[in-house]
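Comments concern the structure below.
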Amino acid sequence: MEELIEENNIKIGVLALQGGFKEHVEMVKSIKHCFSECENKYKYSIIVQEVKSVSDIKKLNPHGIILPGGESTSMAIIASSNNDGENIFTFLKEYIKQGNFIWGTCAGSIMLSNNVDGQKVGGQSLIGGLDVLISRNYFGRQIDSFETKINLNLKFSKNNNNSILLENFEAIFIRAPAILDVIDKENVEIIGEYIVTKKDGTKEKVITAVKQNNIIASVFHPELTNDNRFHQYFVQLVLNNHLIKIKI
């Protein structure tokens, strides 16, 4: 069998500093292939690897990167003490500016946000780029973690009807943040919401997932389920972006 050439591979890096990176790797592996959406469809194999340093990222040269859940402050500390001399977060800021896709889940969504409510004293290093207000540990402590079904309206391009509705998607919230507000309402698209019933019986709608250009954020953990549809969505976005760059 003829070996796949570079153009027939889509490479996904999963930041493996701390948290649930192995689950993300396994979920991406379960997808196996994706296809271009042009008239003559091309089949793309998916390569996924853990990345722990800037040198790892440069070596893999991924088309997209996933930031896992975990403890955002711990990840920021590990990133700042990276032993190859380059801060991963600084590198990822430039990676995003170059138009590459990135997806943060739970703690990863905090790291991608420009504004964090409830940030620890002295703050923490953030990657930023996502123009929202996010609240750390909005859903409470570990014992307040829960699972529920939500609907997601997954957008592929801005001002375009091309979207996929995922109904009854299993969402796992573990000491989860919540997106309280969208600052840049023109460019940030809401793809998931949830109605929270507070202890006093009142209800509040919070945002659970958003897309801003090449940045995706979800406050829940798709990687802890048996449903790889959100990962399929991200991989397809990465592929579409890659095809635009190489103009297939």
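Cβ atoms here come from the backbone N, Cα and C positions, even for glycine.
Pulled from Swiss-Prot:
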type     : residues                                    : note
ACT_SITE : Cys106                                      : active site, nucleophile
ACT_SITE : His221                                      : active site, charge relay system
ACT_SITE : Glu223                                      : active site, charge relay system
BINDING  : Gly70, Glu71, Ser72, Arg136, Ile174, Arg175 : L-glutamine binding site
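Comparing CA positions across the active-site residues Cys106, His221, Glu223, the one lying closest to Arg175 (L-glutamine binding site) turns out to be Cys106.
Separation of the C-alpha atoms of Arg136 (L-glutamine binding site) and the residue listed as 'active site, nucleophile': 9 Å, rounded to the nearest whole number.
A gap of 12 Å separates the Cα atoms of Glu223 (active site, charge relay system) and Ile174 (L-glutamine binding site). DSSP gives Arg175 (L-glutamine binding site) a coil state; it is part of no helix or strand. You'll find the Cα of His221 (active site, charge relay system) roughly 8 Å from the Cα of Ile174 (L-glutamine binding site). Remark: of the recorded positions Cys106, Ile174, the most isolated position is Ile174 (fewest other Cβ atoms within 10 Å of its Cβ). Taking only the Cα positions, the spacing between Cys106 (active site, nucleophile) and Ile174 (L-glutamine binding site) is 8 angstrom. Scoring each of the recorded positions (Arg136, Arg175, His221) by how many neighbouring Cβ atoms lie within 10 Å, the top position goes to His221.
In this view, Glu223 (active site, charge relay system) is surrounded by 27 other Cβ atoms within 10 Å of its Cβ, with every protein chain counted.
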